[in-house]
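Features as listed in Swiss-Prot:
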- Arg48: NADP(+) binding site (BINDING)
- Arg125, Ser126, Ser127, Gly286, His301, Ala302, Pro303, Thr304, Ser305, Arg328: FMN binding site (BINDING)
- 361-383: region 'Disordered' (REGION)
Amino acid sequence: MNGNRFGRMFQVTTYGESHGDAMGVTVSGCPAGLELEEADIQAELDRRKPGQSMITTSRGEPDAVEINSGVQDGYTTGTPIGMVIENKDARSGKYEPYVTAPRPSHGDFTYSAKFGTRNWGGGGRSSARETVNWVAAGAIAQKILTEYGIKAKAHVNQIGDIKAPPVTFEEMLEHTEENEVRCAHPETAERMRERIDEYQTEGDSIGGSIYFEARGVPAGLGAPRFDSLPARLGKAMFSVPATTSVEYGLGHEAREWRGSNRNEDWEFDEDGNPIPEGNTHGGLQGGITTGQPIYGEATWHAPTSIPKEQQTVDWETGEQKDIQVVGRHDPVLPPRAVPVVEAMLNITILDFMLLDGQINPDRLDDNPGQYETEYHPSSPQTN
């Protein structure tokens with residue numbers, strides 16, 4: 001099975017299955033000299049882990065991370081960083097009825113069609129459980145980018161037909177983690193929670209969307225044609241299970257705008273740098289960053305694991321039969337996907353920062369003395 005690695009310079013390679021022994025990720029390309037400990041990773045994993053509230057799965061995973069390579073005396077060494085998160089609360093027995101009877105709208109049939117077999121416990125590799133690895137890797141990327149003044153943030157801006165009004169970046173930083181829905185507009189968050197409860201009571205689920213934004217990203221990142229920043233970021237977001245759309249700037253609303261309205265005149269900022277007068281393009285022009293905030297929206301369909309009675313077929317007996325998907329599942333995805341979106345945004349931006357030479361890929365220039373003293377007292381000075 002290919003397709004388990006993301007990134008060119010900052011490479012994230014993952015393994016693990018929903019009900020296997022553990023999830024794991026190897027990060028190659030992290031520069032030496034980054035101060036890093038498990039607590040840095042754990043803080044982000046705790047935001048994503050299950051069992052946080054009544055609107056998340058009740059699966060009781062602590063998601064405790066163990067760093068087993070690439071870090072010495074609290075600093076990265078420049079070698080691959082290995083991280084393992086054990087699965088502590090897997091219960092595969094409830095999935096036995098689906099071994100030969102695919103659950104509607106899951107990856108059960110397609111994985112079997114491709115590989116001739118599949119790990120049926122909890123959906124195996126197709127499960128969103130796998131995103132725990134991405135958040136672990138994203139925590140490292142986030143820590144590096146923070147040192148360069150780059151900050152990514154996301155919040156849930158729509159659940160079903162309930163949409164939040166626009167909020168500022170500062171409001172996202174302040175309010176997103178204040179409620180279970182992770183919506184930065186408190187009043188809308190309450191209405192969203194009520195709607196989720198309504199569907200959950202009916203044994204159903206609901207979709208939604210996440211607004212994301214990154215600030216401090218320099219101009220000039222991206223490699224057109226097929227490796228532009230929006231293309232790669234789109235790949236990152238579409239890799240998140242259940243993602244149905246990704247858009248930047250005006251997104252689908254751009255079809256209603258005349259060119260004379262959407263086009264933005266150029267002007268100079270207070271430092272004398274050329275800058276568009278607006279940012280309807282989401283910080284991206286020609287597939288390359290403009291230096292303005294990158295922003296957009298990603299949408300998720302409703303979770304497919306629901307207890308409502310549905311129809312399937314048993315390819316072993318040749319019969320059509322009723323099916324009810326039992327187990328512990330999320331009634332809505334965006335609240336737990338917020339840290340996943342932030343992780344993929346951070347990973348993608350860091351990869352381009354390394355590719356374009358904005359960050360030294362071998363060692364962090366901001367703190368070379370610490371690395372020299374702690375690790376290699378006889379090594380040459382940083383150029």
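The chain as shown is numbered from 1 upward.
Just so you know, glycine gets a Cβ as well, placed from its N, Cα and C.
Remember, it's a predicted structure, so these values are computed and weren't measured experimentally.
Within the set of binding-site residues His301, Pro303, Ser305, the entry lying nearest in space to Arg48 (NADP(+) binding site) is Pro303 (CA atoms). Arg48 (NADP(+) binding site) falls within a helix when secondary structure is assigned with DSSP. Cβ neighbour density within 10 Å is lowest for His301 among the binding-site residues Arg125, His301. In the three-state DSSP assignment, the secondary structure recorded for Arg125 (FMN binding site) is helix. Across the annotated binding residues for FMN (Arg125, Ser126, Ser127, Gly286, His301, Ala302, Pro303, Thr304, Ser305, Arg328), the two most widely spaced Cα atoms sit 44 Å apart. DSSP gives Pro303 (FMN binding site) a coil state; it is part of no helix or strand.
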